[in-house]
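As recorded in Swiss-Prot:
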type: REGION; residues: 1-37; note: region 'Disordered'
type: BINDING; residues: Glu80, Glu105, Asp132, Asp154; note: S-adenosyl-L-methionine binding site
type: ACT_SITE; residues: Asp154; note: active site
type: BINDING; residues: Lys158, Asp190; note: substrate binding site
Amino acid sequence: MTAAASDPHNPRSSADDTASPRCESGQGSFFGRRKGHKLRPHQNGLIEHLLPRLSLDPGASGPSDPATLFGRPVKEMRIEIGFGGGEHLVAEALAFPRTGFIGCEPYVNGMAKILSQIEAHDIGNIRLLAGDASELLAWLPRASLARIDLIHPDPWPKRRHWKRRFVQDATVAEMARVLRPGGEFRFVSDIADYCAWTLSHLARSPGFLWLAERATDWHNPWPDYTMTRYGRKAEREGRRAAYLRFRRESDAAQA
């Protein structure tokens, strides 16, 4: 835990935060569905016509069988919170066509980018939520997910904004509820303080076990990891990311 916190990571500037879309909802509040660059006409068309067909509504009754969300059989289901430009989520969906994916992203530009990729590759195993990730977790049934990914989230570096970080005791408890035993929460960040924060919150949850035995386990991406645009930028600027994996322990193992 302390090793992750001691790496010399450089905090992102506020300009980088704006350029790097993220979905944050620490205590059930939704911090900003925003729009950056002006959308092209085709992107506007995708937002208007394709997004409604793929969007989920946590205000509706929760699905007893989440596989029904995809209109075809899926072996398991994963979610990615704050997918940004969608590079990682699209790569995962193409690599695992029998897995259902839900992506949460509040930024309209991020939605437009991933919709373009979904259309171009005819991807049928992605569903989307342009809203609060904590509402999505609360909406899903117990033990319904195989994995949750949180990749380069907004670190909210100012102390008064820490409550806006996605990783909070309440969201960790919700992740433990919706992940099946053996499922994983995966976290990537180049911000040392947020890595230490995440390790601290997960360490005090009996539902999770940090899957690291040596420093190389969290210094390097897991096999087949797709680097995001922000991740490549961080590497170019000399900022090392931590790649943290936490396994959902069974209730029997916790006893």
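Residue 1 is the first one shown; counting continues down the chain.
Including glycine, each Cβ sits where the backbone N, Cα and C put it.
Predicted, not measured: the structure shown is a model, and the values here were computed from it.
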Lys158 (substrate binding site) CB neighbourhood, other CB atoms within 10 A: 9
Rounded distance in angstrom between the Cα atoms of Asp154 (S-adenosyl-L-methionine binding site) and Asp190 (substrate binding site): 11
Other CB atoms, at most 10 A from the CB of Asp154 (S-adenosyl-L-methionine binding site): 24
Candidate nearest Asp190 (substrate binding site) in space, where candidates are the binding-site residues Glu80, Glu105, Asp132 and distance is Cα-Cα: Glu80
Max pairwise CA distance, angstrom, over record-listed S-adenosyl-L-methionine binders Glu80, Glu105, Asp132, Asp154: 14
For Glu80 (S-adenosyl-L-methionine binding site): intrachain residues, at least 6 apart, with Cβ closer than 8 Å: His88, Leu89, Glu92, Phe101, Ile102, Gly103, Cys104, Ile148, Asp149, Leu150, Ile151
Other CB atoms within 10 A, centred on Asp132 (S-adenosyl-L-methionine binding site): 21
